[in-house]
Amino acid sequence: MVNMKASMFLALAGLVLLFVVCYASESEEKEFSNELLSSVLAVDDNSKGEERECLEIFKACNPSNDQCCKSSKLVCSRKTRWCKYQIGK
């Protein structure tokens with residue numbers, strides 16, 4: 001009977017220890033994911049402040065001063081005054 005009480009106590013202590021280890025591991029993962037998300041958002045916020053050298057698709061433009069991104073094959077449409085994709089050239 002003493003062995004059974006001791007084994008039950010050890011089993012219960014093992015379960016408590018397993019719970020504590022899992023809880024600590026989970027909280028570390030949450031902290032890591034929160035830090036990762038914060039760093040990604042910080043990088044995104046920094047890039048918003050910088051101006052691009054050229055305009056992206058569907059951005060308003062001036063046909064006489066075409067600043068649409070040439071690397072993306074964009075041109076300023078005289079009709080709509082937006083940067084659009086140039087097909088065929």
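Even glycines carry a Cβ here, placed using N, Cα and C.
Residues or ranges marked as signal peptide in Swiss-Prot (evidence: sequence analysis): 1-24.
Residues annotated as pyrrolidone carboxylic acid (Glu) in Swiss-Prot, with experimental evidence given as evidence: Glu53. Sequence-distant contacts of Glu53 (pyrrolidone carboxylic acid (Glu)), defined by Cβ-Cβ distance under 8 angstroms and a gap of at least six in the same chain, do not exist. DSSP assigns Glu53 (pyrrolidone carboxylic acid (Glu)) to coil, not to a helix or a strand.
The number of other CB atoms found within 10 A of the CB of Cys54 (disulfide bond), across every protein chain shown, is 15. As annotated by Swiss-Prot, disulfide bond applies to Cys54-Cys69 (among others).
According to its DSSP assignment, Cys76 (disulfide bond) is in a strand. Residues near Cys76 (disulfide bond) in space but far in sequence (CB under 8 A, at least 6 apart, same chain), listed by position: Leu55, Cys61, Asn62, Pro63, Asp66, Gln67, Cys68, Trp82, Cys83, Lys84. The feature disulfide bond is assigned by Swiss-Prot to Cys61-Cys76 (among others), with experimental evidence given as support.
Look at Cys68 (disulfide bond): DSSP puts it in a strand. Counted within 10 Å of its Cβ, the other Cβ atoms near Cys68 (disulfide bond) come to 22, all protein chains included. According to Swiss-Prot, the disulfide bond annotation covers Cys68-Cys83 (among others), on the basis of experimental evidence.
Classification of Ile87 (isoleucine amide) by DSSP places it in coil, neither helical nor stranded. Note on Ile87 (isoleucine amide): other Cβ atoms within 10 Å of its Cβ, all shown chains, come to 6. Swiss-Prot lists Ile87 with the feature isoleucine amide, giving experimental evidence as the kind of evidence.
Within 10 Å of its Cβ, the residue among the disulfide-bonded residues Cys61, Cys69, Cys83 with the fewest other Cβ atoms is Cys69.
When the Cα atoms are compared, Cys69 (disulfide bond) and Ile87 (isoleucine amide) turn out to be 14 Å apart. Separation of the C-alpha atoms of Cys54 (disulfide bond) and Ile87 (isoleucine amide): 19 Å, rounded to the nearest whole number.
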